[in-house]
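**Q** So TrEMBL says this about it:
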SIGNAL    1-17  signal peptide
DOMAIN    23-79  domain 'Partial AB-hydrolase lipase'
ACT_SITE  SER157  active site, nucleophile
ACT_SITE  ASP327  active site, charge relay system
ACT_SITE  HIS358  active site, charge relay system
Amino acid sequence: MFLKFIIFTTFCSFTYSLPDLARLIRKNGYPAETHTATTEDGYIVTMHRIPHGKNSTVSGSPVLLTHGLGASSADYVNSGPGKGLGYVLADAGYDVWMGNARGNSYSMKHVSLDPKKDAQQFYNFSWHEIGYYDFPAQIDHILNKTSQESLYYIGHSQGGTAYFVLTSQRTEYNKKIKLASLLASSGIMQHENIMLEFISYFIEPLETLGNSLRIYSLPYPELLRFFLSEFCMVQEDICFFVYNMIVGYDDSAQFNMTMLPGIFKTTPSAFPLKSLYHYGQLIKSGEFKQYDFGSEENMIQYGSEKPPVYDFANITAPTAFYYGKNDMIIGTKDIDTMSSLIPNLAGKFMVKWDKWNHMDFLYAIDVVELLYNDLINLMKKY
């Protein structure tokens, strides 16, 4: 029985490993490149680049796109030309760089650590390290390759959370960002979502259990993608119900049901459970602060019994928020609070669709008309 499981998981790892994204982009008629950057702490992170649009040969201003928890650069091209933000930006004249955070299925490398043999060390990070180490390495690589002094930044969900880490902790990077456009992103999570608040109370026992079982990352992501993708092909309605439970109430008018199996061929990507635990801490405390190791370890790590709070006053790059009324993960009150704390607020924009949810920012049928056109128009002002 165990042998059969090993054979099956091996099959899934080959069949449902993430696609060669550069190859997929080229298949759609766009130029594509794959780049890597090495962080200060030794992680090798991957970026996928679309240097220009289908009908151009000139690269415009660079823009870095970053993804959410359990996601990847595939989120920005899964919808295809004319819909995926990566393609839309390239056709609008931008040099598009789609980043992958350490530990996701495209960035599973380190100069000395093996993600399987050294799992405890390899996955000992949250979105704090992504913002503190990954983004500087990616930004510096992009600016070096393009001979530019600054770039545009777009982050979805966790991509926005880690942006706050970058710009509050490594303030020199504020001047390297022309404009940050944050989609469904927050640091403070005080909103009234009962489901997330309920889940947050299980974070500590879940962390204890995970560590005792030596589980430090999402287990068997390829296996999960296999089951989700195959299940969605035959049980579309149930699959869509589960999808809505996670991202927001039913927005079937904006969702192409036939996309679900395709989405689950790339999602979830691998991610560290520590990022999930860190979010749980934010929900419980209502504060945007560094990881809480417990009072004793906090004294060693920070020199205080409590983890330090991120200082929003340090975030001087122009920052715009885009949010939806129907987002189960990021509440409108969180956006109101966050936007009031950002010194250089470029705007706060609610998408004009009542049922707009957390993943509509990537996959809504009318995402170009309802969001991307306005996003690009604001970018042009900077």
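Placed from the backbone N, Cα and C atoms, the Cβ positions cover glycine too.
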**Q** 10 Å Cβ neighbour count around the residue listed as 'active site, nucleophile'?
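**A** Step by step: centre on the Cβ of the residue listed as 'active site, nucleophile', count other Cβ atoms within 10 Å, giving 28.
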**Q** Sorry to bug you, but what's the C-alpha spacing from HIS358 (active site, charge relay system) to SER157 (active site, nucleophile), rounded to the closest Å?
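**A** About 8 Å separates the two Cα atoms.
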**Q** Just to verify a number: CA distance, HIS358 (active site, charge relay system) to ASP327 (active site, charge relay system), in angstrom, no decimals.
**A** 5
**Q** How do the residues of the domain 'Partial AB-hydrolase lipase' (23-79) split into helix, strand and coil according to DSSP?
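**A** The breakdown for the domain 'Partial AB-hydrolase lipase' (23-79) reads 9 helix, 19 strand, 29 coil.
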**Q** State which of the following active-site residues has the fewest other Cβ atoms within 10 Å around its Cβ: ASP327, HIS358.
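**A** Counting other Cβ atoms within 10 Å of each of the active-site residues ASP327, HIS358, the minimum falls on HIS358.
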